[in-house]
Amino acid sequence: MSRANWGSRLGFILAASGSAVGLGAIWKFPYVAGKNGGGVFLLAYLACVFTVGIALLLAEMVIGRAANRSATTAFRDLKGGLWPWAGRLSVLCIFIVMAYYSVVGGWVIAYIGKSITGEALGQDTKALGAAFTHFIADPASSLFYTALFLGVTVAVVLGGVQKGIERMSKVLMPALFLLMLVLIARSLTLPGALEGVRYFLTPDFSKLTSAMVVDALGLAFFSLSLGMGIIISYGSYVEKETNLAGATLWISILATLASVLAGFMVLPAVFAFGVDPAAGPGLTFITMPAIFAQMPFGQAWAIAFFLLLLFAALTSSVSIVEPIVSYFIDEFGWKRQSAAYITTVAVFIASIPAALSFGPMAKSKLFGRTAFDLMDYATSNIMMPAGGILVAVFAGWIIWPRIHSELLSNGGGHWIPAFRGICAIVAPIMIGVIWVHNL
Ligand code: PFF
């Protein structure tokens, strides 16, 4: 069977970075860093990305390209036995991720609307916070916007990812970075902003806890789209000549840069406006509008910001839905269209408890967490690390000769032993220890 390929190496890097750079970097990173003490979290995060993260990113890409199939089929073709279950686990994981990702994607769409009417903007962060809390608590609008975000995602998936997303990424990703730079300039020049910069850059090691390191590792996995077979399926579309190691480096750098820039955009403003940095998921939606209100043409900036955030979220959500759809196509021979519609309806049903977690179901908790938090926690902090260990062991031990020859065919490099060491030993131990310690 002949399979689609990316149009170019750049297109592949942008599409994979598009999957990486999304709500994780811009919405999640600042509030998780804010909650975990700032600087020390940044350090832990960078350490996770540039050791285990980068190695697993490469491992997933190589597995995908070697098998030329998406996760479940790749595990079966390369090894068989129980390994395809690692692929099924990843499909389950991204299904859950999509259920709560859509809720936040819905908030972004709503905030585009609220920026157009001007309702989103304001100087008073208390009032903005109250408006945000009020908005996400409303069941009807939460469900409506969640469905809308899912609908847009599936429209893109149906319309063909490659051309649409690849082409759009080339324009909109650079636009997103540029806009962030402008907003950082505004955020940093607010009175009192330096306190936030200090918070973000000065590590306070007394805040170092195992729970924080689990958060850092989980967020690194989430931001790099790791441990869920996504990069395996993206890797399966890569040409044999493409140097995967170089692409990996680029993707990790772009994804990290986006997170760090988002930190510089949000945290200084948090301090300037006296918002609690541990305020949680609402942080971006409260501080950014306060920044816009302090800028000339603030409303236009607000619209641009939420539009680009929506785009960043879409390039990610498409990468989440696509492997679910292709799982049903590859494994059960479903038609693309029916697979896409059935997936969407199922994700929507799963997203209902997440969408209601801030309103009618705020008090329904399991393990002390709302449905939204539980979905986030179970995927980022449990399933993704588990997927990561499986990929590391698979690449570092089970099919190492195959991985090795795939890397050599791109010219190899002195880093190969280090890469194997991380996959075979460091990653499983590090993830395992952090994980067990936290449980
Ligand atoms: N990496 C994306 C982000 O940071 O927003 C989110 C994501 C994409 C998570 C793909 C999981 C995934 F499989």
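Cβ from N, Cα, C; glycine included.
The shown structure was predicted, so the numbers you read here are calculated from the model rather than taken from an experiment.
Features as listed in TrEMBL:
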type     : residues : note
TRANSMEM : 40-64    : transmembrane segment
TRANSMEM : 85-112   : transmembrane segment
TRANSMEM : 142-159  : transmembrane segment
TRANSMEM : 171-188  : transmembrane segment
TRANSMEM : 208-232  : transmembrane segment
TRANSMEM : 244-264  : transmembrane segment
TRANSMEM : 300-320  : transmembrane segment
TRANSMEM : 340-361  : transmembrane segment
TRANSMEM : 382-403  : transmembrane segment
TRANSMEM : 415-436  : transmembrane segment
Notebook entry, point to check: For the transmembrane segment (300-320), which partner among 40-64, 171-188, 208-232 gives the most CB pairs under 8 Å?
Noted result: 171-188
Next item on the list: Among 171-188, 208-232, 244-264, 340-361, 382-403, point out the range having the most Cβ pairs under 8 angstroms from the transmembrane segment (142-159).
Entry: 340-361
Next item on the list: Using a Cβ-Cβ cut-off of under 8 Å, list the residues of the same chain that are 6+ residues beyond the ends of the transmembrane segment (415-436) and lie near it.
Entry: 51-52, 55-56, 58-59, 210, 213-214, 217, 245, 382, 385-386, 388-389, 392-393, 395-397, 400, 404, 407
Check: Counting Cβ pairs under 8 Å that sit 6 or more residues apart, are there three or more between the transmembrane segment (40-64) and the transmembrane segment (171-188)?
Finding: no
Note to self: For the transmembrane segment (208-232), give me same-chain residues lying six or more residues beyond its boundaries with a C-beta closer than 8 angstroms to one of its C-beta atoms, as numbers and ranges.
What the structure shows: 16, 19-21, 24-25, 28-29, 32, 35-37, 40-41, 44-45, 47-49, 52-53, 56-57, 60-61, 63-64, 67, 70-72, 74, 87, 90-91, 93-94, 97, 251-252, 255-256, 259, 316, 319-320, 323, 379-381, 383-388, 391, 431, 434-435, 437-438
